[in-house]
Amino acid sequence: MVLVATLFSLFTVSLCRSIPRSSPSSSPYTQATDLKIHDPTVINANGAYYAYGVGEHIVIHQAPGLAGPWKQIGSVLDKDSIIPKGDRAKPWAPTTIEVKGTFYCYYSVSNAGCRDSAIGVATSQSPGPGGWTDHGAIVQSGTGQGSDEHPFNEVNAIDPAVLVTGDKGHLVFGSYWSGIWQVPLNEDFSSVGNTTGLNAHHLAKHPKTERVNSQDQNPDPLCRDSSGRRPVEGAYISYHAPYYYLWLSWGQCCDYDPNNLPPSGEEYSIRVGRSESPHGPFVDKQGKELTQGGGELIYGSNNDVYAPGGQGVITVETGDILYYHYCESLFFRGLSEARLGYSYLGYVDGWPVIREAP
């Protein structure tokens, strides 16, 4: 028994050492949960926690607390999305908010590596399954209504998040290509307002211009970017006075081969910039604008966490909590086994830091 335990310990140490880290191993351990989920959004409503993630018709999970136990209770949509493009059965990267008693679930439909995409919205009077109405697309890129207008003619319209300031909504979205953008929502929160001129705000862009042969060779112009891959997506904006914080998922999100992982620091990680305006410009600690490739690394691979991303922030009695999906370094199985984790946030000189649990 001692020999088995020793061999297991040696195996564990060896495996964990083989997983590259972009954050120090001294980083506080993630608060792990039993929920397997990809690109989560978490809300607290009606005395319970709800998590929405990628899956058949946008799966809904419920728990008495953020730590769980979590159980799947149904889905947002009762059939495929009414948007006629992309993976209509399994919409991506949902984000759910509540405004004046109505719940809005924004979601993406697309195909991997292409920007023929759309963001849709469904509404309900309850955060749980049943009673949701799918209103279809509110913005599109690649093809479809409005896709030839700025900024949709240069973006990939996926990964929605919504910032609410007063009675106004701001749709934040984007992945690769020209990066992250923000446009105003109308009062109904189910349609987009005027996006011309200064109403469309460019928030972030990845500086990398790596060329990928498979992308260059793709005959579909909507599935290649002649300037190279720019891996930034999954944006989210939170507020902690006096700053707005733009959170980004930075680096390679998917298709991890445990025998050929990307170089350390090129896998998913969570970065942030701040601004006194909800529209930016957002800068990192060095004052570099996120549209120029800036971004402060807040949480990356460490300890048993590999490639955290798909993040959001939820505020509880003890303060702000950063939640995300991550892959487990131990017994690495890749993104298909990603689970929900969370970390407590503190603020030092106006910058968020990961801290120990209170």
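Residue positions begin at 1 at the first shown residue.
Every residue gets a Cβ built from N, Cα and C, even glycine.
The feature signal peptide is assigned by Swiss-Prot to 1-16, with sequence analysis given as support.
According to Swiss-Prot, the feature active site, proton acceptor maps to Asp39, an assignment based on similarity to another entry. With a 10 A radius on its CB, Asp39 (active site, proton acceptor) counts 28 other CB atoms from all the protein chains.
DSSP assigns Asn194 (N-linked glycosylation site) to coil, not to a helix or a strand. Its Cβ placed at the centre, Asn194 (N-linked glycosylation site) has 11 other Cβ atoms within 10 Å. Taken from Swiss-Prot, the feature N-linked glycosylation site applies to Asn194, supported by sequence analysis.
Taken from Swiss-Prot, the feature region 'Disordered' applies to 202-227.
Around Glu233 (active site, proton donor), the C-beta neighbours below 8 angstroms that are at least 6 residues distant in the chain are Ile158, Asp159, Gly174, Ser175, Tyr176, Ile180, Leu248, Ser249, Cys253. The active site, proton donor annotation in Swiss-Prot covers Glu233 and rests on similarity to another entry.
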Rounded inter-Cα distance in Å - Asp39 (active site, proton acceptor), Asn194 (N-linked glycosylation site): 28
